[in-house]
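Undergrad: Here it is, the structure, as structure tokens.
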């Protein structure tokens, strides 16, 4: 357990109850809503990603509420600082899963990241976030608290790097899809003749970007922007130190952390992948399957 004397000296001026209470209520509502949507669409992966992110936010803001009541206690401070830093990590993992579904639908040939690799990366992001959380929380003296601060900074930088990597891959994929410019000249897909098909040929497996997919892409873009703004804020705050001006200014935290995460998670409530992509996450709508169906229709007509 943390003791107040083990933490660097700080005098956080928490707002009165409304900001903390409102954030707790908002995160609870969105978590319950996502749970309902997850059960309805049977998209069980959301429990360990989107819903977990919401629960961590509830824990973090509960710790912040506790700190506003007992500012001299170290435990609530470390609960809120650790949970709010690590909280959005599962949400980033969810974004990788959703991007993988979009890649599967529009055409894996246009992405450097295969749908399977996207799923694996989501697990890596999850594991990295959990490891950072446990390392940061296992500190019970002044030296350990400083080390914990460095671990937290490393954690938020890790998030920033992952989000940037994700955005670059997604942008390249969309540009290549739009201009029909696949990553490789040859796509290793055997036809009945066992010959390779050139990706620039008319036979390139290329899915159709309908309105639902466009909405999902715009939602992911907005979601990613919110998480990126938040990661930049936390990087600057932790680098500024426990007694820095940024960490002592409550409005920065409420707007650049709390509001950004709420907007990011609520975006996936309204633009839910179950509605826009389907519970199979694109596996029944993949570009390859679509091409096979088209080929079957052509054979039937002939």
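The backbone N, Cα and C atoms fix where each Cβ goes, and this holds for glycine too.
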Undergrad: Of 256-277, 278-299, which span is tagged transmembrane segment by TrEMBL?
TA: 256-277
Undergrad: Match it up for me: which of 156-175, 176-195 does TrEMBL list as transmembrane segment?
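TA: Spelled out, TrEMBL records transmembrane segment over residues 156-175, not the other listed ranges.
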Undergrad: The transmembrane segment (156-175) and the transmembrane segment (43-61): do they have three or more Cβ pairs under 8 Å, with pairs 6 or more apart in sequence?
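TA: Contact between the transmembrane segment (43-61) and the transmembrane segment (156-175): absent.
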